[in-house]
Every structure is written in C-alpha cells, then in structure tokens.
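Database features, via Swiss-Prot:
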MOD_RES   Met1  N-acetylmethionine
MOD_RES   Ser4  phosphoserine
MOD_RES   Ser8  phosphoserine
MOD_RES   Thr21  phosphothreonine
REGION    22-41  region 'Disordered'
MOD_RES   Ser23  phosphoserine
MOD_RES   Ser29  phosphoserine
MOD_RES   Ser33  phosphoserine
DNA_BIND  74-148  DNA-binding region
REGION    187-270  region 'Interaction with RAD52, TIPIN, UNG and XPA'
Amino acid sequence: MWNSGFESFSSSSYGAAGGYTQSPGGFGSPTPSQAEKKSRARAQHIVPCTISQLLSATLTDEVFKIGDVEISQVTIVGIIRHAEKAPTNIVYKIDDMTAAPMDVRQWVDTDDTSGENTVVPPETYVKVAGHLRSFQNKKSLVAFKIIPLEDMNEFTAHILEVVNSHLMLSKANSQASVGRPSMSNPGMGEPGNFSGNNFMPANGLTVVQNQVLNLIKACPRPEGLNFQDLRSQLQHMPVASIKQAVDFLCNEGHIYSTVDDDHFKSTDAE
C-alpha cells in the first residue's frame, strides 16, 4: 500500500527519530541539519491525522499542536467532495467524515508534463500528505502528494496509524518532559490529547460514530439517510460496526428513525 513511501511507526524507527522518516521515492522532506533534527525532530515527521484533529489543533508561536504533539507535515485519508482547478493550483475539499470537509491546495507546476497536475475527480478516496496551514483562522492543507486509494483497507489502516502514532508521540513527549508528573489513569487524557487507549475525537464519539453521524447529517432528504446508502458510502467498514454506531447514536439521541427503521435523520438537522 503505502509502505514504499513511509517507514512504519515501529520501535526501531521511532526510537531513532520519533516517527515516520524520509524514505526515497515516498512522502518526505529534505534532510535537516543535526541541529535542526534536535530542535524540530517531531515537527519534521509526517504524522497521520484525522481532519477533526487538524481542525482542533492549536497554533502557538507558529507551531501547531494536537494536545502535546507538535505537528507540521501530516497525512489524511478521505473522499474528494469537490475539485476546482485554477491556472496555478488545484483546490480539493476532502472529507474523512470526522468533521467538516477540509480545503486541500495542490500547487501546479505549469512546466510539468508528467501528469502530476491532473485533477483527481470527486468521489475518489485519496491519501493526502501535506503541510498544515492557517489563514484568517481557517485551517487548510498544502499538499505535496495526493494519491487515490487502491484498496479501501487503506482507510481503516490509516485510522489505526492515527491512533498508534499519536500514542507513541505523546509517550515520547511525556518522557522527554523533565519533572512532568505521570498520569494517574493512562486510559484517560485531556481533550485533544492522544494518551488514551481509545481514540476519541473532541465531541466524545469514536471515529466510526463520527463518520456515521456526519453522513446522516449531510443527507438533505426529508426522510433522512437509508441504512443501505450508509453501507454503500462506508464500504471500508464492517456492517456490524455501522450497525453498532447507528444503535449507539439512536440511544444517545444524536439521530432518530423516520419513515421506517432503516431511515435516519440527525437531531441537529434543520
């Protein structure tokens, strides 16, 4: 899948560098000097994220952080909802169903004839690597690589990478902080932090629950979204997981059934 462009978040690569490292032919950045490596190590690595995490990231002294994890270069996986090409760039709206779609800008090399400037069509699932940016309090990504998914298992694998990478980076950051008290309950963390055993976005729902809820919210039909339509849009996800998420959201009052037991609408819908 993406192994050619990434080194995994293994103990060996993590212990040496703190995360994903540059490998030939893949997503990477120019090798920094030794001094830069020491002062900016974590920020130089490509960190798997969800859009929900990126939108909740804080910006202090030109440094983005998710909890205590410093980020700069990130990857996301989602579906293209809209694509618009201009003479110098292509702007995509990418939706991973954990939050509102995020703008992703890819600059166009007008002298390049290799096909890199081809617009990826809407409704295509892609993996994006890029730099997080903020302009007038609106976050976006400047992409240096956008590749369509060949296998929907890559979507699931990305979510697992998100959990794993932030757990490891949070742990390393905690160990590096001199005199920092250890957490009395390692299964719980501050909002936006990733020290817990279960990855939970800011609203307290799991990734699966957020994806299901956002799809139901986005459905404009008066009768709401049909369960079969939900399944077709979440092909990467087991049916049992979708059903569990729907049941949970119903029980918690986030959604309700409408014309029958297979149509659902968000309680936040207008």
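Yeah, the Cβs are placed from backbone N, Cα and C, and that goes for glycine too.
Under DSSP, residues within the DNA-binding region (74-148) fall into helix, strand and coil as 0 helix, 47 strand, 28 coil. The average pLDDT for the region 'Interaction with RAD52, TIPIN, UNG and XPA' (187-270) in the predicted structure is 77.
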